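**Q** Okay, here's the structure, questions in a sec.
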Amino acid sequence: MKLKKPKFWDHKKPSFFSYLLLPFSIILGLITKIKSKPKFSNSKIKTICVGNIYIGGTGKTSLAIKIKEILDKNNIRACFIKKFYPNQTDEQKLLSKNGVLFSNLKRITALNEAISEGFEVAIFDDGLQDSTIKYDLEIVCFNNLNWIGNGLTLPSGPLRENINNLKSYENVFLNGNEESLIAIKEQIKRINPNININSGKYIPLNIDEFDKDQNYLVFSGIGNHKTFVEMLKNNKLKIVSDLEYPDHYQYSKKDFDEIIINAKKFNAHIITTEKDYLRLENLNKNEIFYVKSSLDISDEKNLTNKLIKLNEKN
């Protein structure tokens, strides 16, 4: 059984539990530095890492897919690379639906496979903290709803590394409405005045398939359930109930039956994400509808130019 992230991680100020775990955060940070290895660099393929500092729910996979779409439009042969995790088959399937995916327990092995297949660009979904690979382009993703939570590193908070490490990064991508991002952008610029900030929000691609007079029950096991529900409400769907499960949750028949029973109580149709739908492969999905979404990037031209220039570099 997979647990949800602790609620105190997303409090705006550290709680008693955060301070209680602070010594472990310090120890974990020291271990990470000690285990750091020389980074692998190569000239045979360009590497882009779409990663995060806040753990989970920042839109990495969606941005990786968007980058692949942009490269495809410009006739640049790109693939995806994702470290293999048995509990993240949903993301692996989603990436595979949108291009060639190389997945291995070691990212460097997957990268060498991509090189042998003649790809020009490798897009890493996650791996920002992988100390073995030197990326040509790194993009740090955040979600406006959670931002950095209580601002502390694991396990005291939700951060994989200190937020001040943004000083060493060149690119940030923010998920959310522009109005909600103003304060976050100001905080980022105070840390690194020269950092490039782009932003975007999720848009549903098949929203016209849904009757807006109908009741809907929403369920998901993704990093940021609230973002998904907010998107549906912004598109005028009548959400009467929503069920949140842990990220990458593997649904049992019992879970599935409970979802069906809850929907019947509200006389509601059932909606989930494409990721969750892919995890229901062994269950009867006839009563489940999924929303296919994409990222609408505020300055796609800027991102496109950056990607083209990257590929042109020797």
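Using the three backbone atoms N, Cα and C, a Cβ is placed for every residue, glycine included.
Quick paste of what Swiss-Prot says about this protein:
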- Y54, I55, G56, G57, T58, G59, K60, T61: ATP binding site (BINDING)
**Q** Taking the center of the Cβ atoms of Y54, I55, G56, G57, T58, G59, K60, T61 at the recorded ATP site, which other residues in this chain have a Cβ no more than 8 Å from that point?
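**A** Surrounding the site, in chain order, are N52, C141, N143, G223, N224.
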**Q** For I55 (ATP binding site), what is the tally of other C-beta atoms lying within 10 angstroms of its C-beta?
**A** 18
**Q** Go through G56, G59, the listed binding-site residues, and name the one with the sparsest Cβ surroundings, counting other Cβ atoms within 10 Å.
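**A** Fewest other Cβ atoms within 10 Å, among the binding-site residues G56, G59, is found for G56.
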**Q** What count of other C-beta atoms do you get within 10 angstroms of the C-beta of T58 (ATP binding site), across all chains shown?
**A** 27
**Q** In the three-state scheme derived from DSSP, which category covers G59 (ATP binding site)?
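**A** Its secondary structure by DSSP: coil.
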**Q** Report the same-chain neighbours of G57 (ATP binding site): residues 6+ apart in sequence with Cβ closer than 8 Å to its Cβ, ordered by sequence.
**A** N143, N146, I222, G223, N224, T227, D247
